[in-house]
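**Q** Here you go, one structure.
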Amino acid sequence: MTSITDETLPITPRAMRDEMIVFVIMAALLAIVPWTGIYPFFVMQALCFALLACAFNLLIGYGGLLSFGHAMFLGTAGYCSAHALKVWGLPPELGIIVGILAACALSVVTGYISIRRQGIYFSMITLALSQLLYFIYLQIPFTHGEDGIQGIPQGHMFGVLDLSKSTTLYYVVTVGFLGGFLLIYRTINSPFGEVLKAIRENEPRAISLGYKTDQYKLLAYILSGSLAGLAGALKVFVAQNASLTDVHWSMSGEIVLMTLVGGLGTVFGPVVGAFVIVAMQEYLAGFGQWVQVIQGVIFVACVLLFRRGIVGEIARIGNRSL
Amino acid sequence: MQAVYAQLLVGLINGSFYALLSLGLAVIFGMLNIINFAHGALYMMGAFCAYFLLNIGGINYWWALLLAPVIVGIFGMILERTLLQWLAGLDHLYGLLLTFGIALIVQGIFQNYFGSSGLPYAIPDQLRGGMNLGFMFLPVYRGWVVIFSLVVCLATWFLIERTRLGAYLRAETENPTLVRAFGINVPRMITLTYGLGVGLAALAGVLSAPINQVRPLMGADLIIVVFAVVVIGGMGSIMGSIITGFALGVIEGLTKYFYPEASNTVVFVLMVLVLLVKPTGLTGRAA
């Protein structure tokens, strides 16, 4: 059985150079957004999803594990951050840390359970676990059920950065995204990332080479879950609420779609995919449920025709690794 | 005590839907190596098909029980011919993603035309009313659903495990090339198998229409519970799917009586417990 993302090119100095150039362009573009007249709220929202999709991609693209429950990290971190900010009155930086820690703890528990099975079983287990959490969050008091946690104070980060100013908030979210992105990039280019790829290509062989593959997969899962938690915590400041939609399994489907559209297993694919899908939802909002139908058509088209996604196809045409 | 029996009955009914759906999933998984994420959407289509047959064609429940699975089954076979067959030889995960896309399209279209609220579907005259069993009052329709789906499940088991056709099917999942050498048209068998699995989902939809109303999202949340059922039972055997489906329905029903807060989550909690003890599921083979 071929792996789901066996198209990635080897890491060469040229590939690293290409990727660094694209990264610098991306960072420069993000830096000038407040002066371009683009609605910053849209970009911030897209950045949160981009980080989430990158975290998801770390697992599927480099570990071969398709998590269909990544919304649970987004939602859990969101609820915990929101609670810490609103009820405990913590400053923003500590609120974000609470969110990441909650997602990290959740990923330790769910990872321990789910990596016992591979392939589609892994996907179904993560999906079921996230639905379990959905029902728990629907019932326990601190999430306020259907209402969610509303009116979250944005506060002053480190006592100086006023997050209620949209430009300040924008840069904080951008720095959070770029930091998470670099951490993922560093991970996939490390010896740890190489072992992950070896596991994805041929797990029995990796085991026979002496690697404890379950530990590697669990570690990748925890890292992915924690970074998804960072995305969820940042999203609380952007949206100023935490609600059940972030935990529902359809959100997990959207994360998969973003990554698939951009390109599974490519470095920049999830970012491009997230911007495309968030833009689509923004501009097609008037079409109601047809947006869902369009997303379904994109899913089908990607799987049948453009399995490499936007960035994957560009990389193939240019014979580059992106 | 009355309430316990009532919840037990609700559990058995839900269990028969779980069994029919996970049975269809198992049949499809065996032949196409695809976890059919569109199964919930096709279950919903079965219910809508019965609704259309009655309200547009004036065709009653009994004919719908026969026609809806055939119509939706043909739709499934067209899906298999036009879309799913191109995934042969690719990673399992692509099948999951493709069928997820199909589910979004189908559910989105129905939601556009029918909103999210339910449409009523009347219980057929012959199955109205109830029986007093002495210890409880049994609505006839509910008893009928349990018995009928049990019969269908066992018939499917018999077809696959005890007939020549079923032997071909099982042989094909083991070694398609060899079976083709015997002169059997493997692609056609695959298409028919997908149609059979889809037909079982649609049949569950028709059975559920008078109880749960006809809603575009009726399959969307159910399918996740069915996936949990599949993980618990494992996909190893046809009989395993049937028994696990009914058993989990009953457990869920009893939870609703003894500790209602956990009734939505008990199947998932059981899944976690089973995975901790036996990662392959109760009757499962290794993935």
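The backbone N, Cα and C atoms fix where each Cβ goes, glycine too.
Just lifted these from TrEMBL, have a look:
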- A:20-42: transmembrane segment (TRANSMEM)
- A:49-74: transmembrane segment (TRANSMEM)
- A:94-113: transmembrane segment (TRANSMEM)
- A:120-140: transmembrane segment (TRANSMEM)
- A:168-188: transmembrane segment (TRANSMEM)
- A:218-237: transmembrane segment (TRANSMEM)
- A:257-280: transmembrane segment (TRANSMEM)
- A:287-306: transmembrane segment (TRANSMEM)
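Can you tell me where each of these features sits in the structure?
**A** Long-range contacts of the transmembrane segment (A:20-42) within its own chain (CB-CB distance under 8 A, at least 6 residues past either end) are made by residues 166-167, 170, 174, 177-178, 181-182, 185, 238, 267-268, 271, 278-279, 282, 322.
Beyond the transmembrane segment (A:120-140), the same-chain residues lying 6 or more positions past its ends with a Cβ under 8 Å from any Cβ of the stretch are 65-72, 75-76, 79, 106, 110, 113-114, 146, 244, 247-249, 252.
Sequence-distant contacts of the transmembrane segment (A:168-188), counting only residues of its own chain at least 6 positions beyond either end whose CB sits under 8 Å from a CB of the stretch, comprise 19, 23, 27, 30-31, 33-34, 40, 43-44, 47-48, 50-51, 54-55, 57-58, 61-62, 96, 154, 157, 161-162, 196, 223, 227, 230-231, 234, 237-238, 267, 271.
Sequence-distant contacts of the transmembrane segment (A:218-237), counting only residues of its own chain at least 6 positions beyond either end whose CB sits under 8 Å from a CB of the stretch, comprise 45, 47-49, 51-52, 54-56, 58-59, 62-63, 65, 67, 70, 73-78, 81-82, 85, 92, 95-96, 98-104, 106-108, 110-112, 114-115, 152, 154, 163, 169, 172-173, 176-177, 180, 183-184, 187, 192, 196, 246.
Outside the transmembrane segment (A:257-280) by six or more residues, the chain places 4-5, 7-8, 19, 22, 26, 42, 45-47, 49-50, 52-54, 56-57, 60-62, 181, 185, 188, 291, 294-295, 298-299, 302-303, 308-313, 315, 321-322 with a CB less than 8 A from a CB of the stretch.
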